[in-house]
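Enquirer: My questions all concern the structure below.
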Amino acid sequence: MSAIPSSEPDLRLPLLCSLEEPARKPEKGPDVQKLTIDDMLQKHCGEFGTWQLRHFVLTCLAWALEAFHTMVMIFADREPEFRCLSSGCDEMAKSVCGFEPGSWDWVGGAGSSTVAQWGLVCGEKYKVGLVQAVFFGGCMIGAGTFGHLSDSTLGRKGSLTVVCLLNAVFGCLTALAPDYWTYLLLRLLTGFSTGGVGLCAFVLATEPVGSSKRGAAGMSTFYFFSTGIAMLSGIAYIFPSWRELYIASSIPSILFLVIVLPFISESPRWYLVRGRINEAMALMRTIAKSNGKHLPDGVVLALDEDVNESSVNDQSDKQGFATKEAITGSVVDVIRSPITRIRLFLAVAINFMCSVVYYGLSLNVVNLDTNLHLNVVLNAVAEMPAFTITALLLDKLGRKPLTIGTLWFSGFFCFAGCLMGGVGIWKVVRMICGILGIFGMAGTYNLLFIYTAELFPTVVRNVALGCATQSAQMGAILAPFIVVMGGALPFAVFASCGFVGGLLAFYLPETLNRPLYDTITGMKEGEGGLSGV
């Protein structure tokens, strides 16, 4: 075989040259900047713009639904007035106990309330209080259950959908209850679903809001609850029958599911901790666009524990942010970590004491011998100034000082109330002390939702808030039994709860202008790795 002519090109040359040359570096893609949700809202999307306002209002409508299903018992389980039919009845008496059968009748008939329907008076009167206790017991169970589900599989919006659907079903079925024990069971089930409504609505409404606006937004949620109570009074006036009232108060839940819920978005924080980065980024772009902002292509959401890592330059790595392993948490995780364990204990104790005072004073106020519908409206309206004042002072004084101040404000007037007599001018003074006591505690009750939510990271926020709500329901169950004691003793108990709650709040950290952490690890790093609160 002849040799290859030198004039022909060496086909191996390009290959040999490529081996001798240094390997060519791939072109770098644009830098990716990791941002937490709070930072992204502040820098690019807007902390409380048009999108957050619309989403906040629509979500908080669920608070009015909770007011309907909770306070309906005031009208449905009331003891109506009676009228005498013969001489065996005394029209001046306060109770029908001891009257001859057939000598009296209920004004409005047997269908006016459950008391008239099933004769829940005299020896059977305890059953009215039992229904109330069972309802709040159901709320306690539901708060814990849906607190966990909203942090895990169902999410905030999914949990809100389920509880509103259950409320509508159980509320309508309650109107068909054939006897007292069926009614009791259905109120337990309604309480179970109602316990998750305010919890899920509060977190879903406030999580897309920036840190500097979150306090005022959170305080505003309770206006919807008070407005719901006032609206319920009007509904009860139009529908005097307890069966009609349960249907009328349940229909708004159906309307909320059909008309409002489709326009509510899932929380971007829940998407983030579940590893669904694509959905979280898409939602943040929507928020930015609706608020007239622009979200640059070079930024991506990350958990707070990942933000301090170095930026990723490779374009292929950028695609890796699209999905991430979901991070879950439970009450066990809250208890296992020292920083969250102490916070949980304090939040549970303070919420319990606050609820005892709030519901206890509320029961004392509504026992006035005046028009029931007007009393409910006035009580609901009276709470609103407390919400306004607390909201104005929230970002000026901070969460911790305001919590302590409102608890001690209420405790002081409760203590003053227990020193007042029950006759003459002192009776009026005691009533004023009770009004001022509930005024202060209404502000505390409102504030504790925000404070508790900010004390825990996203991965366990609803679990912790659910535990705090459960303790509040236990306080609601206990409150009627304290009120039954009568005299000055209830005021003394309420004063003690206010003072002790304020002392416990001293051990909580301030959360004003602090970020909403995503994970427990991120919280530990952000708080300087402290082992305490």
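Yeah, the Cβs are placed from backbone N, Cα and C, and that goes for glycine too.
Annotations in TrEMBL come from automatic prediction, not curation.
Residues or ranges marked as domain 'Major facilitator superfamily (MFS) profile' by TrEMBL: 55-513. Per TrEMBL, transmembrane segment is recorded for 128-147, 159-178, 184-205, 217-239, 245-264, 344-361, 373-394, 406-426, 432-451, 489-508.
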Enquirer: With an 8 Å cut-off on Cβ pairs and a sequence gap of 6 or more, do the transmembrane segment (406-426) and the transmembrane segment (344-361) reach 3 or more such pairs?
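Expert: Per Cβ check, the transmembrane segment (406-426) touches the transmembrane segment (344-361).
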Enquirer: Are there residues at least 6 beyond the ends of the transmembrane segment (373-394) whose Cβ is under 8 Å from a Cβ of it, and what are they?
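Expert: Beyond its ends, the transmembrane segment (373-394) has Cβ neighbours at 71, 74-75, 215-216, 219-220, 222-223, 226-227, 229-230, 232-234, 236-237, 362, 365-366, 402, 406, 435, 438-440, 442-443, 446-447, 450.
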Enquirer: Among 128-147, 159-178, 217-239, 432-451, 489-508, point out the range having the most Cβ pairs under 8 angstroms from the transmembrane segment (344-361).
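Expert: Between the stretches 128-147, 159-178, 217-239, 432-451, 489-508, 489-508 has the largest tally.
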Enquirer: Rank 128-147, 159-178, 217-239, 432-451, 489-508 by Cβ pairs under 8 Å to the transmembrane segment (184-205) and hand me the top one.
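Expert: Against the transmembrane segment (184-205), the leading stretch is 128-147.
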